Amino acid sequence: MQHPAFYVTGTDTGIGKTMGSTALLHALRARGHRAVGMKPVASGCEHTPHGWRNEDALALQAASDPQPDYAVLNPYALPAPLAPELAAAEVGVTLALEPIVQAFAQLRTQAEVVVVEGVGGWAAPLSATLDQADLVCALQLPVVLVVGVRLGCINHARLTAAAIAADGLQCIGWIANEVDPQMERIEENIGMLRQRLAMPYWGRIPWRPGADAATQAHGLQLPR
């Protein structure tokens, strides 16, 4: 894999960033890479005997090989299912880059590739003073965009790609994730996206209820 780490963002919240990220981990592992996931900030956690745990972060941990310690994979586990800025304020936490940078450095020593999953859509802030672009710059990562294929996705994808470029960051690929089984003319919409998005197409995750990430990884077309 040309890039030893990248940041996965989406066109919106709820469009399948975690499925995209875990499928990427399985695809990388199928190529023989040691690949681990990371969820720097997760809001909406359940209290367990081991501490606060987030469902998406646990999915990334399960898809990783080797499996990192949870606290390293998810430095900020915030209980409330709110925007990170609000969820952090509820528990008196101030989100900072340094703990994330340190955790990322640990993960880089454990694997050949680190897949870092963001929050919400690209413009969703991390805090009152931090945007996701600040984190991506600090970690020196390229970006992979997951497009939730539903009505309006062409507009959302183009706006997100433009925002990433405006932040001075590189988007190295995009993934089509089918999230609306009722959507008509999916093939044509994906074709229009391929014509209009400048970055390479990394494949498609079909609508397949109940399918696990390892199965969905078969639809990805990662660069060598």
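Just so it is clear, glycine is given a Cβ too, placed from its N, Cα and C backbone atoms.
Of the residues ASP56, ASP65, ASP69, Swiss-Prot places ASP56 in the same Mg(2+) site as THR18, GLU117. The maximal spread of the ATP binding site, taken as the longest Cα to Cα distance among ASP56, GLU117, GLY118, VAL119, GLY120, ASN177, GLU178, is 19 Å.
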